[in-house]
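**Student:** Got a structure here, written out as structure tokens. Questions coming.
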Amino acid sequence: MLSEKRILLIVSGSVAAFKALALTRLLRKAGARVTPVLTSGGARFVTPHALQAIAGEAVHQDLWSLTTEAEIGHIRLARLPDLVVVAPASADLLAKMAHGLADDLATTLLLATDRPVLVAPAMNWAMWAHPATRANMALLRARGVHVVGPEDGAMAEAESGPGRLSEPEQIFAAIESLLAGPRPLAGRHVLVTSGPTHEPIDPVRYIANRSSGRQGHAIAAALAALGARVTLVSGPVTLPDPPGVTAVHVESAREMLAACEAALPADAAICAAAVADWRTASEAGQKLKKVPGEAPPPLALALNPDILATLSAHAARPRLVVGFAAETENVVPNAVAKRQRKGCDWIVANDVSGDVMGGSENAVHLVTAAGVEDWPRLPKEEVARRLAARVAEALS
Ligand code: C5P
């Protein structure tokens, strides 16, 4: 619940601005107070009357409004909320934020505020992919701005791609994880690996596995929701970076190990990635050619570094190291043996013989020094929340 929380909601110009109304409704239902700010672009897509009616508070639009200045003043407006949310955040507004422009009420508030800021970008895929937007986003993230989305999907212009505003429910969840609840992991740094790795064969082909990254990403999000500073080292996945985590994107196991070591020191490491055990012994510099009448080229494999075992034996070993065991048979005995072999503290073991990989649920066993706990079949988000709570307990 968000009762007592005050949110300054900035709505900028995008076809998706209508979603700000649904978001406002969700926030108010959860008990939050919403103070809406509408840019001139935003006002082309939603009316101040609709926003004001749903927010139940006056909409602020004008930096030079004598009424606003007399009643509250834009500096106080900037300092009042627990969180500033920009949804939708247009490419133009994000660029202005990155460069510190303050030429209207919204940008002035964003420059003047000392509160945490969450942005939900919305724009055409080509604008999102543009190097200027990439650079602006990198700058904003580096300054600690929280980001939710954008999603990949259908756009107003009958095109499709990344840039679509996250759904109101997702933006709400990001707000909730930034604002609500106790933060027992505040001040802790947790490293999480997630997703598969891609091991190149040649410039166009690679070895991979079916991991979606859903469980690892959910764990990163759950840890962040408990206040941890999270470094998420992710292999190639189609999931968006969870809100409030620092994501490092890698391809291969060796890159993943390097990124993990660079992220140390950490209080805990959760190795949920499905790291490829093997890579090709050598990567062809050019695409391997199929020659008619000739046998296929042999694929010689080399062993990849074991990231979990490396972190467990590291000079800067995190206090708590957690591994995963994806097994199709003898799940628990294999996990117990794996805990010993890898030198980690806990193993989260699951049976992947069904539709666990890429699916939305997981039935796991938590193997610790104290024994084995069998958890019921749960949504991956709930497995993540329970595991995050246990991590918090172990680090307290
Ligand atoms: O040995 P196995 O692959 O079954 O172990 C799984 C656990 O070890 C997972 O936590 C996985 O993230 C980790 N692992 C790793 N590096 C590897 C292989 C596995 O970190 N090269």
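Placement of Cβ uses the backbone N, Cα and C atoms for every residue, glycine included.
Straight out of TrEMBL:
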- Asp277, Lys287, Pro305, Asp306, Ile307, Leu308, Phe324, Lys338, Lys342: CTP binding site (BINDING)
- 5-176: domain 'Flavoprotein' (DOMAIN)
- 185-393: domain 'DNA/pantothenate metabolism flavoprotein C-terminal' (DOMAIN)
- 1-189: region 'Phosphopantothenoylcysteine decarboxylase' (REGION)
- 190-396: region 'Phosphopantothenate--cysteine ligase' (REGION)
**Student:** Let me make sure I understand the span of the CTP site: among Asp277, Lys287, Pro305, Asp306, Ile307, Leu308, Phe324, Lys338, Lys342, what is the greatest distance between any two Cα atoms, in Å?
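**Tutor:** So the binding residues stretch over 38 Å, Cα to Cα.
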**Student:** Provide the number of Cβ atoms within 10 Å of the Cβ of Ile307 (CTP binding site), excluding the reference atom itself.
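**Tutor:** Taking every protein chain into account, the count is 25.
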**Student:** Give the helix, strand or coil assignment DSSP yields for Lys342 (CTP binding site).
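**Tutor:** Lys342 (CTP binding site) sits in a helix per DSSP.
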**Student:** According to DSSP, which kind of secondary structure is Asp277 (CTP binding site) found in, if we only use helix, strand and coil?
**Tutor:** coil
**Student:** For a quick check of packing: other C-beta atoms within 10 Å of the C-beta of Lys342 (CTP binding site), how many?
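**Tutor:** There are 21 of them.
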**Student:** Name, in the order they occur in the sequence, the residues of the same chain whose CB lies under 8 A from the CB of Asp277 (CTP binding site) and which sit 6 or more residues away.
**Tutor:** Leu303, Asn304
**Student:** In sequence order, which same-chain residues at least six apart have a C-beta under 8 angstroms from Pro305 (CTP binding site)?
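**Tutor:** Looking at Cβ-Cβ distances below 8 Å from Pro305 (CTP binding site), excluding near sequence neighbours, one finds Ala253, Arg254, Leu257.
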**Student:** Secondary structure at Ile307 (CTP binding site) (DSSP, helix/strand/coil)?
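**Tutor:** For Ile307 (CTP binding site) - judged by DSSP and reduced to three states - the answer is helix.
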**Student:** Note down the number of other Cβ atoms within 10 Å of the Cβ of Phe324 (CTP binding site), including every protein chain shown.
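**Tutor:** Counting Cβ neighbours of Phe324 (CTP binding site) within 10 Å gives 26.
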